[in-house]
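Peer 1: Annotated FAD binding site per Swiss-Prot: Gly36, Ala37, Gly38, Pro39, Ser40, Gly41, in sequence order, evidence recorded as sequence analysis. Per Swiss-Prot, the feature NADP(+) binding site maps to Gly207, Cys208, Gly209, Asn210, Ser211, Gly212.
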Amino acid sequence: MCNNNNTSCVNISSMLQPEDIFSRRCIWVNGPVIVGAGPSGLAVAADLKRQEVPFVILERANCIASLWQNRTYDRLKLHLPKQFCQLPNLPFPEDIPEYPTKYQFIEYLESYATHFDLRPKFNETVQSAKYDKRFGLWRVQTVLRSELLGYCEFEYICRWLVVATGENAEKVVPEFEGLEDFGGDVLHAGDYKSGERYRGKRVLVVGCGNSGMEVSLDLCNHDASPSMVVRSSVHVLPREVLGKSTFELSVTMMKWMPVWLVDKTLLVLTRLLLGNTDKYGLKRPEIGPLELKNTAGKTPVLDIGAISMIKSGKIKIVAGIAKFGPGKVELVDGRVLQIDSVILATGYRSNVPSWLKENDLGEIGIEKNPFPKGWKGKAGLYAVGFTGRGLSGASFDAMSVAHDIANSWKEETKQQIKTVATRHRRCISHF
């Protein structure tokens, strides 16, 4: 029916119910289907391209790296030096600063896609992905919405499935008593762009992770009055120690020292640079920052100026929320704050359980299959960007996934060629 570099429509009617033939187009992919055109998906695709393995990238948005383009605030910079955030086989340009802005990172990702000629199928949302045990193949059902074609349904049939949607696909919005009666502006941090609209306002920031800290700092810089809700203990580290990235310093020390000693060293240096954060309402966990990251996946906050604002009182630390009322919030310690706006820096979660049937991703997850094999599941299922190790970890996983798929693809292709050659010889011998 049709053929191109990445996909070919073939006769697979034996896999379909009669109603499927008329309700959706079925496409055979002679390689993996990659779900997600963010950094993880692009990295896998580029390495597959380099090894001449065909693939298809499915992306629900109308652009690559949609979370970076649509759900990040204007002042955002990468928290780690650029060498730890670049994707495989194409470094950042030399003129990019050590900590690129979000715009520089997006431009880098777009140039990465152009360099490797990666062409995702945009506006195509995966509805379900299920492994067909009878045929040993994945069935990925999608919906395409476009001005040109309107509403179309597709089913991709493939041997390998790469889940690269990441852990931040959907916003986490907790329920709070009385929030519907608050009457003021309520926004998730994923929709926050700048503090300009909050100038002169009293803003409650719910959450004290990296997003909560940066939003609070940005609000201060725009003459707003932020109060940050801190419900649990948190590790705050300086972004740099004596001009060297804290992350890079940690990586270097980990080569020679056990985790507990690296943690001890980091906390001593942090105490010298930031002081005792406990007295400002930021209590530290009993477990060290790296051990906590490894065991619970909780990332430490890298300070870029919020701590000095907390010390000066410009950012106020407050207890957990009891309930909201009209124009106010009551805290668990009994205090009542009059506020104008609420920003929910309450994080994100994966949307994979909603479309990957039978919760197959659980077979890959860090809990059941820890690093370094956390990227590989069963029956040709792979995941990139789910091991909680940021962009550097995702790039490492991407290369592992691409290499593993390429080896399988080349072996299966070789076997198919042998089978065809054997049949051809038989035809000649009977001629």
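Including glycine, each Cβ sits where the backbone N, Cα and C put it.
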Peer 1: Far apart in sequence but close in space: which same-chain residues, 6 or more away, have a Cβ under 8 Å from Asn210 (NADP(+) binding site)?
Peer 2: His79, Thr299, Val301, Leu302
Peer 1: Between Gly209 (NADP(+) binding site) and Gly41 (FAD binding site), what is the CA-CA distance rounded to a whole number of Å?
Peer 2: 26
Peer 1: Tell me, if you would, which residue among Gly38, Pro39 (binding-site residues) has the fewest other CB atoms within 10 Å in the structure shown?
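Peer 2: Each of the binding-site residues Gly38, Pro39 was scored by Cβ atoms within 10 Å; lowest is Gly38.
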Peer 1: Given the binding-site residues Gly207, Cys208, Ser211, Gly212, state which is nearest to Ala37 (FAD binding site) when distance is taken between Cα atoms.
Peer 2: Ser211
Peer 1: In the same chain, which residues outside the set Gly36, Ala37, Gly38, Pro39, Ser40, Gly41 have their CB within 8 A of the centroid of the CB atoms that define the FAD site?
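Peer 2: So the extra residues in range turn out to be Ile34, Leu42, Ala43, Val44, Glu59, Ile64, Ala65, Ala164, Thr165, Gly166, Val384, Gly385.
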Peer 1: If we count other C-beta atoms within 10 Å, could you say which of the binding-site residues Ala37, Cys208 has the fewest?
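Peer 2: Ranked by other Cβ atoms within 10 Å, the binding-site residues Ala37, Cys208 bottom out at Cys208.
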Peer 1: Out of Gly36, Gly209, Gly212, which has the highest number of nearby Cβ atoms, where nearby means within 10 Å of its Cβ, if these are the binding-site residues?
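Peer 2: Sorting the candidates by Cβ neighbours within 10 Å, the top entry is Gly36.
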Peer 1: Highest Cβ count within 10 Å among the binding-site residues Gly41, Gly207: which residue is it?
Peer 2: Gly41
